[in-house]
Amino acid sequence: MNNNEPSFEVNFDGLVGPTHNYAGLSYGNVASLNNADAVSNPKQAALQGLAKMKAMHDMGLKQGIFAPHARPDVDALRRLGFTGNDKQILNKAAKESPVLLRTVYSASAMWTANAATVSPSKDTLDEKVHFTSANLNNKFHRSLEPTTTTNLLKAMFPNNGFFTHHLHLPEQPFFGDEGAANHTRLCDSHNDKGLEVFVYGASSFNHSIKGPVKYPARQTLEASEAVARLHAINDNQVLFLQQNPDVIDQGVFHNDVIAVGNENVLLCHEQAFIDQAQSLNRIRHAYLGEKPLHIIEVPTSEVSVQDAVSSYLFNSQLVTLADGSMMLVAPEECKNNTSVSRYIESMLSDSNPINNVKFFDLRQSMQNGGGPACLRLRVALTLDELNAVNPQVMMSDEKFAALITWVDKHYRDRLSDADLADPQLLHESHVALDELTKILALGSVYQFQR
Ligand SMILES: NCCC[C@H](NC(=O)CCC(=O)O)C(=O)O
């Protein structure tokens with residue numbers, strides 16, 4: 001099945017927006033709740049993210065940039081009954097509902113693993129790349145994202161001869177969809193047909209499927225099925241597995257907090273899936289490749305679920321380097337956790353394709369529950385498809401320099417709850433984003449530009 005056609009996995013990382021803050025908005029996400037009310041540093045957050053993007057680019061990987069959304073979302077406040085001009089609306093919200101004000105300021109679109117689900121052309125009936133923006137309806141602040149996400153995706157992948165963009169699923173909990181964070185693709189190499197594994201937390205219609213009891217299951221089976229249908233993925237290339245509800249109740253709010261796949265490797269915790277042995281057998285059985293499939297199962301005795309959640313080991317990126325070996329792109333928290341760092345050492349020396357690790361300081365994002373893998377959306381592309389991507393959203397030495405200058409010019413280095421009532425922050429953010437749309441050649445993607 002191996003073919004020689006060049007292909008690429010491009011990581012599109014979310015550029016952290018100018019209003020990055022800690023608002024404690026994500027019940028079920030331990031870090032988000034633990035850091036509610038902490039003071040954030042948007043400038044440092046954006047620079048940490050850019051440093052990762054640049055390092056990936058320097059390693060010879062294809063790296064893209066996903067622009068932030070315009071915040072505060074004053075239109076959302078208008079829809080909820082606040083009236084007047086922008087300044088008046090922000091003032092009223094600050095007095096009457098500080099929590100609502102926080103939601104409309106969230107820079108949560110930076111976690112682009114939740115932006116959309118992507119099916120590469122090798123997997124789809126019409127051989128196009130399909131995108132469905134996630135409706136993210138489990139959290140109000142995240143439910144504000146899909147329309148702008150679709151605008152951005154269309155500006156990044158503009159050629160409809162290669163790319164198909166679908167409307168997000170109905171904005172309703174039955175079709176709760178959190179995008180690529182609950183989706184991974186296993187294949188011999190990125191240019192081969194892949195097995196798309198969709199992982200759901202609960203079912204909306206089938207009550208015999210036991211979901212979590214404490215924290216919400218954000219992804220439903222029905223949403224995953226709908227996305228697979230929209231993308232017209234070939235029947236033998238799609239699998240639906242249930243996440244272990246017990247780990248959702250321990251803070252594993254997305255599957256990418258407990259498992260990560262790349263080509264013929266799946267790295268997962270022993271407790272990641274329901275009926276794990278059977279779930280993994282279903283993967284082995286459905287795998288289409290000819291290479292051996294490596295399922296690396298991390299035992300609880302070596303890394304507890306709690307350590308997995310606090311270190312974000314499984315929210316590492318797993319990338320294939322030019323020599324065919326794989327590298328784990330991990331958050332620094334993994335280095336500082338004794339059992340996790342010990343496990344990584346032993347995994348690197350074991351016989352599997354992963355033989356390198358690089359740690360990144362992504363603390364600003366980590367404090368809201370977003371690690372390296374949360375910050376990126378993977379898009380496997382052929383050379384022709386890559387050439388059809390808006391070239392201005394691709395990382396280069398020049399683009400990196402331009403973005404650093406842009407962040408330095410526009411971002412604050414301190415943001416607390418009290419700053420959110422200041423309408424100057426809205427103004428600064430709009431000026432910054434208007435300039436960014438020129439740097440990334442995105443056109444008028446934001447409501448305030450239309
Ligand atoms: N994939 C990682 C997503 C993290 C994200 N955190 C947040 O939205 C926290 C926002 C806050 O609490 O300020 C979430 O839970 O969806």
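Each residue, glycine too, has its Cβ placed from N, Cα and C.
Note that TrEMBL annotation is computational and uncurated.
Some features that TrEMBL has for this protein:
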ACT_SITE  Glu178  active site
ACT_SITE  His254  active site
ACT_SITE  Cys374  active site, nucleophile
BINDING   23-32, Asn114, 141-142, Arg218, Asp256, Asn368  substrate binding site
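All protein chains included, Tyr27 (substrate binding site) registers 13 other Cβ atoms within 10 Å of its own Cβ. Around the Cβ of Arg142 (substrate binding site), 22 further Cβ atoms fall within 10 Å across all displayed protein chains. When the recorded positions Leu25, Ala31, Asn114, Glu178, Asp256 are screened for a Cα within 10 A of the Cα of Cys374 (active site, nucleophile), the ones that qualify are Asn114, Asp256.
Under 6 Å, Cβ to nearest atom of ligand 1: this is the test, and of the recorded positions Leu25, Tyr27, Ala31, Cys374 it is passed by Leu25, Cys374. Neighbour counts were taken as the number of other C-beta atoms within 10 angstroms of each residue's C-beta; across the recorded positions Glu178, Asp256, the minimum falls on Asp256.
Compared over the recorded positions Ala23, Leu25, Cys374, the count of CB atoms lying within 10 A of a residue's CB peaks at Cys374. Here His254 (active site) is compared against the binding-site residues Ala23, Tyr27, Asn29, Ala31, Arg142, and the shortest C-alpha distance is to Asn29. Note on proximity: among Ala23, Leu25, Tyr27, Ala31, Arg142, the binding-site residues of the record, the Cα nearest Glu178 (active site) is that of Arg142. Fewest other C-beta atoms within 10 Å: among the recorded positions Asn29, His254, that description fits Asn29.
Spatially close to Ala31 (substrate binding site) yet at least six residues away along the chain are Met366, Gln367, Asn368, Gly369, judged by Cβ distances under 8 angstroms. In the three-state DSSP classification, His254 (active site) falls within coil. For Asn114 (substrate binding site), the Cβ neighbour count at a 10 Å cut-off comes to 29, with all displayed protein chains included.
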